[in-house]
Amino acid sequence: MASSLSAIPHLIIMSAEFITGITVNGFLVIINGKELIKSRKLTPMQLLCICIGISRFGLLMVLMVQSFFSVFFPLFYRVKIYGASMLFFWMFFSSVSLWFATCLSVFYCLKISGFTQSYFLWLKFRISKLMPWLLLGSLLASMSIAAVSLDVGYPKNMNNNDFLKNATLKKTELKIGPINGVLLVNLALLFPLAIFVMCTFMLFISLYRHTHRMQNRSHGVRNASTEAHINALKTVITFFCFFISYFAAFMANMTFSIPYGSQCFFVVKDIMAAFPSGHSVIIILNNSKFQQPFRRLLCLKKNQ
């Protein structure tokens, strides 16, 4: 077991994030899965929520396995957890979680923004048909990133016995291929970030124009359309905060330069686990269709 006292708060924080993440992402999958069974079809939003829930569940499992073995079985962690299979799943779920959430921001932008340009209207009326293809493209892009990361980032031609012997040395650092190659591959995740920033900027412009029109007409600014804009902005802005923090921690971790078992090592893991848990909570809280079932799940429904 890791001797550092910093492992204790890490275990507490990680456990809370894991329980929260499993609960909210499981809820997203189950509640929308019930709709699929009942109506035999899904809206784009429901399909998005199922994909997001599954991808976040997978990412949380990978992060939890890493944290568990890094604290309780550090030797096994150094030998096996950075193996080919775990590295592939980690890269895949990291990428697909970010891509699916970006698809959600695109959906919000197209459905809520009030732009009237021809190309925007073309996308707006076809997003329902395009969404499965966007999700499939996200899946393929994530598999490609994971496969290339595995190719450039996993140590080749290394004897397992030598690796085990080196891992037992107190000050031996795990060396994982060409670090620049791993970082370069995962910089492809800047592309969904750029799409997200563009969607957020468009939502801000649309909200500004809408509130300005309402003020000029003396109808106030808190109508249904304004509320929809504000809720969408809350979701994408919180996603931005989680995205940036996860991306920064993820890239720092991918340098493999943070001392194993240090305070910084555990903080990076905690920051990464906050993204798949926290953003899903925001999705539920900002969607009126999810709020009442979620309260029932948590036994928080008010007495009638």
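Placement of Cβ uses the backbone N, Cα and C atoms for every residue, glycine included.
Here the structure is a predicted model, which means the values were calculated and not measured.
Annotated in TrEMBL:
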TRANSMEM  12-33  transmembrane segment
TRANSMEM  45-75  transmembrane segment
TRANSMEM  87-110  transmembrane segment
TRANSMEM  130-150  transmembrane segment
TRANSMEM  183-208  transmembrane segment
TRANSMEM  229-251  transmembrane segment
TRANSMEM  271-288  transmembrane segment
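Same-chain residues lying 6 or more positions outside the transmembrane segment (271-288) and placing a CB less than 8 Å from one of its CB atoms are 13-14, 17-18, 20-21, 24-25, 27-28, 49, 52-53, 55-57, 59-60, 63-64, 67, 97, 101, 104, 231-232, 234-235, 238-239, 242-243, 245-246, 248-250, 253, 294.
Outside the transmembrane segment (130-150), and at least 6 residues removed from its termini, the chain residues within Cβ reach (under 8 Å) are 44, 47-48, 51, 84, 87-89, 91-92, 95-96, 99-100, 102-103, 106-107, 123, 182, 185-186, 188-189. Distant neighbours of the transmembrane segment (87-110): 44-45, 48, 51-52, 55-56, 58-59, 62, 66, 120, 123-124, 127, 131, 134-135, 138-139, 141-143, 145-147, 149-150, 153-154, 186, 188-189, 192-193, 195-196, 199-200, 202-203, 232, 235-236, 239, 243, 246-247, 250, 275-276, 279, 283; these residues of the same chain sit at least 6 beyond its ends, with a Cβ under 8 Å from one of its Cβ atoms. Long-range contacts of the transmembrane segment (45-75) within the same chain: residues 1-2, 7, 10-11, 14, 17-18, 21-22, 25-29, 31-33, 35-36, 81, 86, 89-90, 92-94, 96-97, 100-101, 103-104, 107, 131-132, 135, 167-168, 260-261, 265, 269, 272-273, 275-277, 279-280, 283, each at least 6 residues beyond the stretch ends and with a Cβ under 8 Å from a Cβ of the stretch.
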